[in-house]
Amino acid sequence: MTQANNAVYTDISAAQLVEEAIRRGEGELAANGALVVRTGHRTGRSPADRFIVQEPSTEAQIAWGAINRPFPADKFDALWDRVASFNNAQEHFVSHVHVGSAEAHYLPVKMTTATAWQNLFGRQLFINPSAYNPAGKAEWEILNVANFECVPERDGTNSDGCVIINFAAKKVLIAGMRYAGEMKKAMFSVQNFLLPEKDVLPMHCAANIGEEGDVTLFFGLSGTGKTTLSADESRYLIGDDEHGWGEGVVFNIEGGCYAKCIDLSEKNEPVIWKAIQFGTVLENVVLDEQRTPDYSDDSLTQNSRAAYPLEYVEKRSEKNLGGEPNAVIFLTCDLTGVLPPVSILNNEQAAYHFLSGYTALVGSTEMGSGGGIKSTFSTCFGAPFFPRPAGVYAELLIKRINAFGSKVYLVNTGWTGGGYGVGKRFNIPTTRGVIAAIQSGALIGAETEHLPIINLDVPKSVPGVETNLLNPRNTWADKNAYDEAAKGLAKLFIDNFAKFDVSEAIKNAGPQL
């Protein structure tokens, strides 16, 4: 197939995009049919290269700072034109997709990419509607040109790459970035700004539905288990990462999944394993000589990924949405071994732990975080993606929980019996047992034990889970060491929470010294 060197491929199929990616040398086929690509020196998001255009219509509503960095509007216009001109002189790919599955809340997006594989990624992760933009809404544009190199002195960027969101112009500019997760998270940030205006809570969470129509939400940062735990063969998946919660509905913002692949196994993650097939994109996964993926090989990164459409998941919500959640689960990966496998939260505790967003950076998705594992706090369990002040999202969460009567739980997928390096991590079957008990309603009205210092209430028994695991102090050989670790963790919580201006009731719902 011969093409002009500046040919534009518009809305071609996933199979054609795979073919083009191979033809252009962008990737190779794995034995399981997936397209395998490498993203170069950036194998995760680059928070220092993310900006929001500072302009009059939105600047008063954005929480400016290290996460939401301001970018001048005139510099944006100049850089957009420069990148567009560069891209128009080469082959590129255009697809028309939706971001948001609910009719009232979708955004129509024209997605232009310099590479076939990143267009395929967008096609698989966003929503391919049967009819594009039926409501005739104003269109957003993504311009993603991986082979454009920014010049900071000229362009006003931080490095050779950038991600810039312009709300007034409805544009997202991504230049010099081969890691495709930037595109997904940029549009998530856009919806995270827009949805609260409609009284909808945008959430960094996974969601699934039981046979009776009961919905569970799984909040958590990367590596805490959102994708793995929501991919449950006994339930129907809504989505693994980004959702909106409005009156009467939980809807997926996306149309696909972006699963971590490190140490992936068919035994522990059968749903994800089966979804890796022709049309799936594997980022930074190492292949052996027979082109079989070696998911245990982290020589490129711990943050290897699979991007696949929800159609590759057998049990899924056909409409990409469900009702309001019966159970809201905050997943935390506790490195200290202090937190119990499950705690039952009241509304004030829910607000406290939602604002805190405590977890560990495990196989981090961010560049520059290093290979080390460390504790962190990420407001709303996704601080890098929420442009408005945290209180906006916390108030919406409590409003929704109160209105529907959702039950809230804190689930530790991290360490027990000691901290990292001493204790051991909860295995996936144990955590699945906790989740199953929550979803069955077994913990509603359960008899609890109060844990001082960390100020949490734990059930005295959980069906299918060893009772001696429930109070973490019992799992430590040295009880004094546990008490000291608990005080250390409580201090981390208290120091982190000092920045929030909230009621005394919420402040007092957290750990106490």
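Placed from the backbone N, Cα and C atoms, the Cβ positions cover glycine too.
Swiss-Prot lists Lys185, Gly220, Leu221, Ser222, Gly223, Thr224, Gly225, Lys226, Thr227, Thr228, Glu269, Arg305, Thr431 as ATP-binding residues, and of the candidates His204, His243 the one it assigns to that same site is His204.
Same-site candidate for substrate binding, as annotated by Swiss-Prot with Tyr179, Lys185, Arg305, chosen from Arg38, Arg45, Arg432: Arg45. Each residue contributes its Cα atom, and for Lys226 (ATP binding site) and Arg45 (substrate binding site) those atoms are 18 Å apart. Cβ-based neighbour count (10 Å, all protein chains) for Thr228 (ATP binding site) stands at 24. When secondary structure is read from DSSP and collapsed to three states, Gly220 (ATP binding site) falls in the coil class.
Around the Cβ of Tyr179 (substrate binding site), a 10 Å sphere holds 26 further Cβ atoms from the protein chains shown. Asp241 (Mn(2+) binding site) sits 9 Å from Gly220 (ATP binding site), taking the CA atoms of both as reference points. In the three-state DSSP assignment, the secondary structure recorded for His204 (Mn(2+) binding site) is strand.
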